[in-house]
Every structure is written in C-alpha cells, then in structure tokens.
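Chemist: Here's a structure for you.
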Amino acid sequence: MTNGVPALDDILERLHVVALPMRVRFRGITVRELALIDGPAGWGEFGAFVEYEPPEAAAWLSSALEAAYRPAPAALRDRVPINATVPAVSAERVPEVLARFPGARTAKVKVAEPGQSLADDVARVNAVRESVPVVRVDANGGWSVDDAVEAAAALTADGELEYLEQPCATVEELAALRARVDVPIAADESIRKAEDPLRVVRAHAADIAVLKVAPLGGVARMLDIAAQIDIPIVVSSALDSSVGIGRGLLAAAALPELRHACGLGTGGLFVDDVAEPRVPVDGCLAVEPAVPDPARLAALAAPEPRRQWWIDRVCACHALI
C-alpha cells in the first residue's frame with residue numbers, strides 16, 4: 001500500500017467484473033456493468049458509468065477501495081427507510097414496478113425522459129399516487145427553468161410532491177427555480193458531479209441534498225460532506241449492485257439524523273444480482289453488508305473483452321488516486 005492506496009496488482013488479483021441484466025431500461029441502459037473487489041475488509045464496488053472518463057471515475061474507485069480495505073464506520077441505526085424507484089415506464093406498468101417494493105411509503109419517479117412528454121410524466125406520477133402516499137420526482141437535470149415551473153404545476157395538480165430532484169442542470173437554474181415554485185428542490189448531480197459539492201448549498205439553491213457514496217469517493221468522504229450541510233440529506237444509490245447498496249445503507253445508518261426515505265431500493269431494477277436480493281420489510285432495509293455468492297459471480301461474469309476494458313479502467317483510475 002502506497003500513501004494509503006492499495007497496490008494495483010493486489011486490486012487486480014481480487015477483481016470480479018459482472019454484467020447485471022435489468023428489468024427495464026434505466027438511465028438509457030439495459031445491462032449494468034461493474035467491477036467488484038474482494039478485499040480484506042469486505043467487498044467493494046467500482047461502478048462508474050461507462051461514459052465517465054478516469055478523472056471523474058477515480059472517485060468511484062476510491063469508494064470501492066475504502067470498502068474493500070478499510071474498517072467500516074459505526075452505524076447509529078439498524079434499518080433504513082427506502083423509497084420505491086419507478087423508471088420512466090408507462091402508467092400501466094407502475095403496479096408491476098411497485099410490487100418489488102413491499103411496504104414502501106415513498107416513491108421516486110423518473111421524469112423528463114427524452115422522447116416522452118409531460119403528459120406521460122403526469123400519468124406515471126398519478127398512477128404511483130394510487131398506491132404510495134409520498135411521491136418525489138427526479139428529472140436528472142432535464143428541464144429548463146420555465147419547463148420545470150410548468151412541470152411542477154402539472155405534477156402537483158392532483159397531489160403534493162415531496163420534492164423535485166435535480167429539475168435543472170445548473171446551480172444557477174436551481175436557485176432561480178426555487179424562487180418560482182413552492183415544491184422543495186433537491187440537488188443530486190449538482191453535488192456529486194461538482195468540483196465543489198457544497199456550492200449548491202451555499203447558493204441556497206436546494207432544500208434537500210441527495211448524496212451518493214461512490215461518486216463522492218466513499219462513506220467517509222460522504223459523511224464529511226454531510227457534516228458541512230445544514231439541510232436534510234437523502235442517501236441514494238448510483239444504480240449499485242447489492243454490494244454498493246450495502247455501503248449506502250451503512251452511510252445512511254451513520255448519519256446523526258435521517259428525515260427522509262433513502263433512494264437505496266434500486267436492487268429491484270435488476271433481473272439478477274451478485275447476492276441474494278434485499279427485500280424491504282415495512283418499507284425498510286436492514287443495515288448489513290452484502291457478500292456475493294460465488295455461483296452468481298460466475299453466472300453474471302462479463303465477457304472477456306468487457307472484463308479487460310474494466311481492468312484497463314481500474315489501472316487508469318488507480319493512477320489518479
């Protein structure tokens with residue numbers, strides 16, 4: 001280990017690359033590729049999305065190495081409430097999706113999907129409202145300020161929204177929108193993809209901070225950022241496997257205060273996972289690490305060209321840590 005960073009050869013000896021098929025298209029993908037590290041302290045997950053270049057993906061590798069090689073922080077709770085995650089499916093498919101989140105009292109609904117209309121979003125959100133009392137929406141920065149104002153009005157015509165997650169792309173747009181709508185604004189990409197993750201908070205551009213462990217560099221780094229934020233925090237998944245979900249649960253469990261359900265229920269989006277799928281009980285997940293099953297690792301192993309691509313990526317990111 002050099003300067004606290006494990007040796008590259010040791011990491012590569014412990015590496016497994018998997019391809020997880022998804023039930024529905026999510027973030028434009030139908031197969032989720034990622035690398036897992038079987039480390040001395042536990043399993044780590046490196047799942048930076050394939051379009052991310054090494055300077056951005058390096059934080060995700062740091063998160064994986066933290067999980068694999070360093071002791072975990074203490075948890076303050078043994079269960080974490082989660083939201084159901086509803087992709088940009090038709091309203092007719094909403095019951096099928098929600099069935100995978102038993103007991104969930106909060107749902108996050110994807111909106112502003114390219115190729116879809118605001119009417120599609122309204123129909124999907126209203127279908128969710130029939131089964132789940134608390135609804136939040138996530139636009140992934142897909143609206144302009146004016147579009148977001150229109151969408152907020154349409155999406156609240158038949159019921160309240162808990163918040164709009166990343167309705168616009170920039171901090172300036174979020175601040176402008178926050179002054180024009182009554183629905184709370186949550187920031188995600190404006191935190192995890194920013195050089196200064198605290199800028200959106202200092203700019204009073206958000207009411208809620210959505211924090212994701214892997215993009216921020218690990219649980220310790222996420223908790224450090226959380227300690228500097230004076231607005232409520234929601235811990236969310238970056239489309240993680242059960243291994244990454246375990247780290248998100250640990251981070252949420254280590255927060256002094258947790259007012260909102262967390263976005264850590266995305267395991268239901270996979271056809272298969274590297275460990276036994278986590279099933280919510282009364283809308284909560286137990287705080288415990290996931291240990292991949294060897295048979296599942298073998299069955300879900302990525303083809304050799306993709307394995308080599310991930311090995312090359314680990315090497316490139318390791319050089320930047």
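Every residue gets a Cβ built from N, Cα and C, even glycine.
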Chemist: Out of E96, E113, E162, E165, which is the one Swiss-Prot records at the Mg(2+) site of D138, D188?
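Modeler: My reading of Swiss-Prot gives E165 as the candidate in that site.
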Chemist: In angstrom units, rounded to an integer, how far apart are the Cα atoms of K212 (active site, proton acceptor) and E165 (Mg(2+) binding site)?
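Modeler: So the alpha carbons of K212 (active site, proton acceptor) and E165 (Mg(2+) binding site) sit roughly 13 Å from each other.
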Chemist: State which of the following active-site residues has the fewest other Cβ atoms within 10 Å around its Cβ: K110, K212.
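Modeler: Selected from the active-site residues K110, K212 on minimum Cβ neighbours within 10 Å: K110.
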Chemist: How far is it from K110 (active site, proton donor) to D138 (Mg(2+) binding site), counting Cα to Cα, in Å?
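Modeler: Per the Cα atoms, K110 (active site, proton donor) and D138 (Mg(2+) binding site) stand 5 Å apart.
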Chemist: Cβ neighbours within 10 Å, counted over all protein chains: which one of the binding-site residues D138, E165, D188 has the most?
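Modeler: The residue with the densest Cβ neighbourhood is E165.
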